[in-house]
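Have a look at the structure below before the remarks.
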C-alpha cells in the first residue's frame, strides 16, 4: 500500500464523474474496507502463516470444503498479486516517463516523450530490479521497507501540504465536494451510475493490499500481534493520507479542461503530473518543483512494487509447497544462503513481464491489469471471510470487467474479462478433472 498509488487513475476517475464522486467515493470505500480489514485481522491473529488467505480458507471451510476453498483462494491470490506487480511497474514507468519529459523541455518545448517500446523497457527493468532485490535475504527487503515508510511519510507531507500552498488560485470547496460532471463525449459512457462506478475504481484500488503483511508472518516475531496490527494500521494510514492526497490534487487544479489536452506540457498522459506542473509554473515560472514532486511519487511506486513481489513470491511458494502448481519442486526451492524462495520470485517476475507485452499495441493495458488484480485480490479476501461465517456455496459477482471506454475497438477493449475468465476456467477444469483427487490444501510440515 502507498499514498500515491492512485496517481495514474486520478485523471480517468475525475473525467468519469467529476470531483465529488471521486472524493466521496473514497470515503464510502474506506468505510467498508474497515469491515474487511477487521475480519482479516481477527483471522490473521489465529493463523499467522505464509500463504495467509490460502491457509485460512482451508482451515475455516472445514475438511469437506477446505481443499476446494483453499484451491480457489490460492489461485485468486496469485492472479491478484502477480498482476499487482504489473500495476506498480506500469505506474513507475509512467511516472518516470513524465519525469524525463519535463526534465528535457516538456511536451511543448520539444521534450522526450517515451514511446511504447521504451515504456515497456522501463516496465521490464523495474520488474527485474525488484526480483533481484527480492533474491537477497529478507533483511534487505525489510531495510528497504523501513526506508519506504519514511519516504512515504515525509514525502507525503511535502506533497499533500506543499501542493495546495503553492497552487494559486485553488479550486473552491464547492467544486471539490459537490461538483458532479460526466464526460460522455470523451469516455463514451452515457450512464451516470456507470460513470460513478468507474470513478470509484480509484478508491477500491488504493485501499487493498493490506493482506501483504500476513504473508510474512511466518518469518516474523510475535506474528499473532504484529500481523493484525500491520493490517489495521496500514488501512488507517492509507485511508487518511490517500484521501488527503486526492484533496490536495483536486484543490490545486488550475484549468480542468486543460488537463486532458494532448498538446499540454505532459501530453495529457498523466493528469496529476499536469496539475503539479501547472501549480509550480504559475507561481515560479519553472517546472523544477514538479519534477521533484514526481520523483517522490515515483519512489512510492518503486517501494510498493518491491513489497508486492515479496508477497507474491510467498504465495506461490506456499501453494507450490503443497503441490498446487505445475513443476512445484522447482518453485519451492529456497536459496541456500539467503533463505528466500528465489525461483518463485523469478516466476512472478517472468509472468509480470509477459503481462506487460500488450503495452506495445493497446491503450488500456493499465486499466485491464488493475481490473485483473482487483478481481483476484479482493476475491481472495472474500473466500476466507465467507468461510469464517458459513460453509455453503456462494456466488461471487464479478466486478470491473466491463469496458471503460467507448466506442469499443481493439485499442480500447478491456481484456480483463477474457484474461480472468480463461484463467479461472482452466483452474476450475484442473480441479474437476484432476486436482480434487490429490490436492488436500495446506500440508502439515510439523506434526503436533
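Placement of Cβ uses the backbone N, Cα and C atoms for every residue, glycine included.
What TrEMBL annotates here:
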- 23-56: transmembrane segment (TRANSMEM)
- 68-90: transmembrane segment (TRANSMEM)
- 110-133: transmembrane segment (TRANSMEM)
- 140-167: transmembrane segment (TRANSMEM)
- 231-253: transmembrane segment (TRANSMEM)
- 290-319: transmembrane segment (TRANSMEM)
- 340-360: transmembrane segment (TRANSMEM)
- 366-391: transmembrane segment (TRANSMEM)
- 412-433: transmembrane segment (TRANSMEM)
**Report entry** the transmembrane segment (290-319) and the transmembrane segment (231-253) contact flag, 3+ Cβ pairs under 8 angstroms
**Finding:** no
Query raised in the report: Is it the case that the transmembrane segment (366-391) and the transmembrane segment (68-90) have 3 or more CB pairs under 8 Å, with pairs at least 6 apart in sequence?
Result: yes
Query raised in the report: Same chain, outside the transmembrane segment (68-90) by at least 6, Cβ under 8 Å from its Cβ: which residues?
Result: 5, 8, 51, 53-58, 60-61, 123-124, 126-127, 130, 205, 209, 301-302, 304-305, 308-309, 311-312, 315-316, 318-319, 324, 348-349, 351-352, 355-356, 359, 365-366, 369-370, 372-380, 383-384, 387, 420, 423-424, 427, 431, 435-436, 439, 441-442
Query raised in the report: With the transmembrane segment (340-360) as the reference, which stretch in 23-56, 110-133, 140-167, 231-253 has the largest tally of C-beta pairs below 8 Å?
Result: 110-133
Requested in this report: State, in range form, which of 110-133, 140-167, 231-253 has the highest count of Cβ pairs under 8 Å to the transmembrane segment (23-56).
Outcome: 231-253
